[in-house]
Amino acid sequence: MEMGRGLGVGVHGRTWSSANPPTEEDMDLRRGPWTVDEDLVLMNYIAAHGEGRWNCLARCAGLKRTGKSCRLRWLNYLRPDVRRGNITPEEQLLILELHSRWGNRWSKIAQQLPGRTDNEIKNYWRTRVQKHAKQLQCDVNSKQFKDVMRYLWMPRLVERIRAASGSSPAAIYQNASVPMAGSEQPAEPGSEAGQVKLSPETSSAAGSSLDSVGMQFSSPRISDCFSECYGGMQGGENRNGDGIPDVQIGGWWPESLLSPGGNSNQGLPDFEQGAWGESLWSVEDTWLQQQF
DNA sequence: AATAAGAACAACCGCACAAAC
DNA sequence: GGTTTGTGCGGTTGTTCTTAT
């Protein structure tokens, strides 16, 4: 089951070309998914000799893989502290916050989520977040999309975390430690386990739907605005569990959502893929997004 | 039950940078 | 000071799994 990519990479990271043909050793390299045996060899070798010098390691361990491939396999999969499974709401909150600040600095973001790899976070972002940006028909880097994240998803994640834990929003923000706004400095090693606090800006924004418990928010109350316009029609959440809004492709107001008494989920794709339940998205969200 | 479509995940690629030579 | 080598990062793509039809 080989992946069959075009260019080859030699054991020393060299790319092959007509001027630089692959050596016999290069030709013998394996690619594609790792086998259980290979995993065992790699794990045993690292257990005995430690990490580092990946190209050397690959050779010495007898693995017909590039050092790069070994390193990737170890870091993303075999490392004992790699945490697998669904991204939790707390982690999602962190990812949203950190990405809004640092952009696609996946490894930097991953440092704030112990046990998570940059690859995993990157995949999460691409499969979940970017998908929804596409459905909202806006660029993932657009202000509109960022506002939706900041004023909609993050408050809901906080609510969800609170509901699950019984914590106050303030406690949630203290626990979900993320770097300060405007701080481009990497967290100091050893300082609070390399973690800092959620930005005040985000805290207040994320508290938008928590104002009943004392958090400040300058924008209009979502529910109030919505009920003024569309009183009573708030049952439209889908079952998307990832905390990311979900809308009908191609427009803000799907017919099915507007039909009185209709099933507000009709026509909405179901994005419940995660482990945590009901959706965070509703007709209300659609209205709010239009305000951005 | 079969199959198509979409989502999620794993792995590779190219590039950049730093250290070693 | 230039070249080689090793490593890390972000982007991309192939494969597998899940869900819908």
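Yeah, the Cβs are placed from backbone N, Cα and C, and that goes for glycine too.
Features reported for this protein in TrEMBL:
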type	residues	note
COMPBIAS	A:1-11	compositional bias 'Gly residues'
REGION	A:1-30	region 'Disordered'
DOMAIN	A:26-78	domain 'HTH myb-type'
DOMAIN	A:26-78	domain 'Myb-like'
DOMAIN	A:79-133	domain 'HTH myb-type'
DOMAIN	A:79-129	domain 'Myb-like'
REGION	A:180-211	region 'Disordered'
COMPBIAS	A:200-211	compositional bias 'Polar residues'
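Across all of the domain 'HTH myb-type' (A:79-133), the predicted model scores a mean pLDDT of 83. Counting residue by residue with DSSP, the domain 'HTH myb-type' (A:79-133) contains 36 helix, 0 strand, 19 coil.
Per DSSP, the domain 'Myb-like' (A:26-78) is made up of 35 helix, 0 strand, 18 coil.
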